[in-house]
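Colleague: Per TrEMBL, transmembrane segment is recorded for 30-50, 62-83, 89-109, 130-152, 164-185, 192-213, 233-255.
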Amino acid sequence: MFVIFVLLVAVVLPASSVEAHDGIKGVGDAWLPFTISMITLMVFWCMYGIGARRIPSPIERWLAFNVASLVAVLTMLIPLGGWVEESSAMHMIQHMLIMAVIMPLYMLARPLPQWVAVGGWPVVWLLKPLLYFSRYPMHTAFLQGVIIWFWHTPKFYNLALANPWWHLIEHICLVLGACVFWWSVLNRRTAVTLLALLFTLMHTGMLGALLTFAQIPLYNDSRDFNDQQLAGLIMWVPAGLPYLIAAIWCSLYWFRDTDGAVSFWRDS
């Protein structure tokens with residue numbers, strides 16, 4: 001599910017940055033990443049549709065996949081124009097949509113059976129290493145944390161702004177980290193999972209606070225200093241809600257299972 005998502009969404013969503021900086025007019029190098037993104041999304045969306053005919057998916061998972069794909073398309077195609085070109089806040093919205101909305105929805109959809117039904121053994125072969133890595137929630141949380149902080153440092157953030165291919169690489173990294181993280185935490189309801197969610201909530205909130213309270217513009221698209229502060233608030237507050245909700249959900253299941261285990265041993 002992960003490497004496929006890297007091809008599906010990590011290549012798809014950089015088109016939003018292509019549109020952000022150059023529009024979908026396809027000027028220079030920006031046109032090719034956008035075209036690759038659109039074609040990739042359509043291919044894997046169709047693969048899921050075909051696979052769902054062979055292996056029916058529960059309605060809630062079907063809805064999760066299609067809603068996530070629709071949000072991905074809207075992230076690419078909404079005519080944000082100059083807002084995104086000169087707005088750290090709009091770029092932050094794009095990043096948060098990738099990591100905190102689209103990726104968890106895809107993970108909840110669990111489209112692996114449908115894709116395997118169409119793609120066969122190559123899909124399974126590609127996924128094995130990352131599926132193994134996802135067994136360790138804190139490892140995935142640290143990986144995602146490194147990726148987020150790395151690409152939100154001024155040097156590399158501005159590098160991605162200046163070149164659509166570097167922006168492609170940036171989004172590949174963000175998607176890879178988010179895929180592994182959400183797959184790990186949504187499939188395990190343990191104390192370690194809760195710790196991984198709280199760790200992510202804390203360090204993303206810290207990054208948001210740094211952007212909010214920084215005394216100078218950090219990014220080349222921060223023409224308006226207030227816009228950078230808004231970007232920080234977006235990461236700090238609304239973008240943290242999915243992690244908070246997941247942490248509450250995990251803690252409820254964990255405490256319920258813990259109480260059940262305690263009662264079992266007490267009755268024994």
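Going from the start of the chain as shown, residues are counted 1 onward.
Using the three backbone atoms N, Cα and C, a Cβ is placed for every residue, glycine included.
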Colleague: Among 30-50, 130-152, 164-185, which stretch has the highest count of C-beta pairs below 8 Å with the transmembrane segment (192-213)?
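Modeller: Per the Cβ count, the answer is 130-152.
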Colleague: Within the same chain, where does the transmembrane segment (233-255) have neighbours whose Cβ lies under 8 angstroms from its own Cβ atoms, ignoring anything closer than 6 residues to its ends? I mean 6 or more beyond.
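Modeller: Residues 89, 92-93, 95-96, 99-101, 104, 185-186, 189-191, 193-194, 197-198, 200-201, 204-205, 207-209, 211-212 contact the transmembrane segment (233-255) from elsewhere in the chain.
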